[in-house]
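What follows is a set of notes on a single structure, which appears directly below.
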Amino acid sequence: MCNIIYNNVYQYNILKNIMSFVKEKNTPVMEQYLNLKAQYKDHLLFYRLGDFYELFFDDAIKAAKLLNIVLTKRGNSCGQDIPMCGVPAHSSESYLHKLIDLGFKVAICDQLETADEAKKRGYKSIVKRDVVRVVTPGTIIEDSLLEDKSNNYLASIVEQNDEYAISWLELSTGKFFHTLTSLKALDSDLLRISPRELLISEKFTEDEKIRSVLKNYKISITQHAQSFFEYSKSHRTLCEFYKIRELGSIGNFSKVEIMACGALLEYVRVTQRGSIPRLEFPKTYKQQNFMLIDASARRNLELFSTQFGEKKGSLISVIDHTVTASGGRLLKQMLASPLACSKAINLRLSTAQFFVNNHEPRRKIREILSNIPDIERSLSRLILGRGSPKDMNLLKIGLGKTLELSEFLSTLHNYCLSEKSEINSQMSFQCLTKEKEPVSTTQVISSDESELSTIHKSLGNHKDLFELLNSAILDNNLSSVKEGGFIHSKYNSELSELSYILNNSNKLVTKLRESYRDLTGIAALKILHNNILGYYVEVSANHKITSDIFIHRQSLANSMRYTTNELKELENKILTARDAAIGLEMKIFSELCSEVAKESEKIALAANALAKLDIRTAFAELAVQNNYVKPIIDDSKEFNICSGRHPVVEVNNKFIANSINLAGIHLITGPNMAGKSTFLRQNALIAVLAHMGSFVPAESAHIGVIDKIFSRVGATDNITAGYSTFMVEMIETATIVNQATDRSLVILDEIGRGTGVYDGLSIAQAVIEHIHNVNKCRAIFATHYHELTKVSKYLKNVKCFCVKIREWNGEVIFLHEVIEGIADESYGIHVAKLAGFPDSVLNRASEVFEELKA
């Protein structure tokens, strides 16, 4: 279990009394540093000095150790050496990554002018510097600090009068959500959202129940005074950010939701130091539209990671066939929040079915998608003013590929509508066959209500912007506009002239030299250069130049040196061309960013459409490769799976498929190692996949919409909360009996084994009766208590099943087949033998077993 990371754990004072050092006679640079540090005492301050970011005092001591870099010193203050360490500015992101992962906040202080500009202000003026942004775990936008296929959410939780709200946004993509919640649901919400950083009030953490929930997560916690979340302030912040008068124009908010959303925006404003990000209007997350998977079920089903914290072996590791970063992120959101609406699910399934049936369009679309960069994050950086030439180039490539994809979908649309029978060899649509499932190709492609049609429209037409960027931006991988060389020289006449000078300076000098030779008649006339005179005309002392255009510069024993106004002008152009070109490119880049900003909403819409298309084709690829089938999803209460398989276990192991027709409660008996837990989990995972809009590992599946999935499988102590294994088991079971509805799916494994036999049996039987009579939900209950099977005699919707076992020559063979009936015994001694128990212990166990049976 991971401990919570509180930022105030890392709070430290730069000096015992920082003001005493400010008053002490210091160098201008150190005085500037100390004044800035006084404003950011709780942050590491990256202070730009030339090509390095330097850290001083306690910052340096701490950073040098954590980053494994050399700790040195720079002068002294108050009679003490000043500790110092530094990192190259060009590679600072890798060091930032380490510090952010450790829970630090880093204030980035940059130079706001050049040394020459500072000199113009005065002889003793130092370069202006200021903090341009604060980097925290939840406000990262740099690609190198982010995982391509993972969201990086900043969240806030607010409570007022026992009403809770949680809001979350991602600065790197512009996504913004909010919802009402409760103390009971907080654990599930945090696990579903998985924020990197959480804003809460200092008062909020005084609640022991809140602290016990937060201890389960490795989240960077940022605490603020209650005034930071104040309602009127938050309301004003939201209205000012979105330039509206009333919040009703962008959505419905409760008072506590406004407080949560407003606090997030205020925190973004503070950390971004005036740069305005592109954020979508806050969307209400309506829980009734999604399947609720409680925190215990999320962990037990190993949706995103195994019990050991590994991604390999989780459900996401098997089903993620996406080829774009945005598709991978959206897939995780879909897995975290499966749908609970049959119409919406079936729209997704129909699109996936089309791509299952039609291989060539699927292949072509995935090929195009695989070459589309992460335009969603590049767009956000460009709008925020932190984009690079690389980002602009990636956006250009992405828009070009989006146009190609849109044209392909148009061709596909026209092809499906045409009456022609011939095969278009160029598009290779020979796989547009008659459907394996009853889904109309024409309807999926052309219907205004179809998901594919909606996706196609959302891609939009970005031809004008693409052509603009394509004419302006060279293919590049540059991380800074200050490097120059990323704008086509032909895009701008002035830049073209500067580029010509930069690339042809020798030719220009030679051309001028030849004209001077013709003018003077001196064939040996030269134009040379040195660091003192710059460019100059040189002739031997024997020659005399009479033309008025030549200005005498220097006389030597064997030569005479001159200059001309024309040569001075050329020299000035050559010397300033690079700086002028870079300045002009920066200006053009800024203009292009403005053009991108005008189209930002359309680009964001296209990026979301690309992600959806990626997932639908990925689901089809998964279905074809792993032999999945399209489930029937409706509003019934069916749960009929024919030859279902565990999607993860089957990948690397020979798997025995099992069927289930669950109308009430299935009570499953059998020994450990027989496959009960796997059977329980596989059915829950099949339900999750189906509600995502994915095909499922089975021969057939008919599932009525499930509103909630609960799981109590396995048990461990929760030491941080002070709970025993049995207490954890009881808490999880209490959640089920209190919250499950008649549309829920419950999987229960071994209730009551953490206490005495009679206690455990009594609790287990009472739970079954409650689920049957009160919750009335679909449930699979695995147990060692054979005595429980008697409930099937008086509870009409309870059926008994067992895992098939074969005994052969004194050995037990687990067949992993679930059949109707009741297990004869638990075969615990046989399992102990498989585990390697000594014969003496096994023999004694057998003796005791026979005595107990007697």
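Glycine is treated like the rest: Cβ placed from N, Cα and C.
Quick caveat, the model's predicted, so the values are computed rather than measured.
Pulled from Swiss-Prot, these are the features on record:
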- GLY670, PRO671, ASN672, MET673, ALA674, GLY675, LYS676, SER677: ATP binding site (BINDING)
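Here the features listed in Swiss-Prot are painted onto the structure.
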residue: MET673; record: ATP binding site; Cβ contacts under 8 Å, 6 or more apart: PHE814, VAL831, LEU834
residue: GLY675; record: ATP binding site; Cβ contacts under 8 Å, 6 or more apart: ILE656, VAL803, PHE814, HIS816, VAL818
residue: LYS676; record: ATP binding site; Cβ contacts under 8 Å, 6 or more apart: ILE668, GLY670, ASP749, ALA782, VAL803
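Among the listed binding-site residues, namely GLY670, PRO671, the Cβ with the most fellow Cβ atoms inside 10 Å is that of GLY670.
Counting Cβ atoms from all protein chains shown, ASN672 (ATP binding site) has 18 others lying within 10 Å of its own Cβ.
ALA674 (ATP binding site) counts 26 other C-beta atoms within 10 Å of its own C-beta, drawing on all protein chains shown.
Within 8 Å of the centroid defined by the CB atoms of GLY670, PRO671, ASN672, MET673, ALA674, GLY675, LYS676, SER677, the record's ATP site, lie the Cβ atoms of ALA782, VAL803, PHE814, excluding the listed residues themselves.
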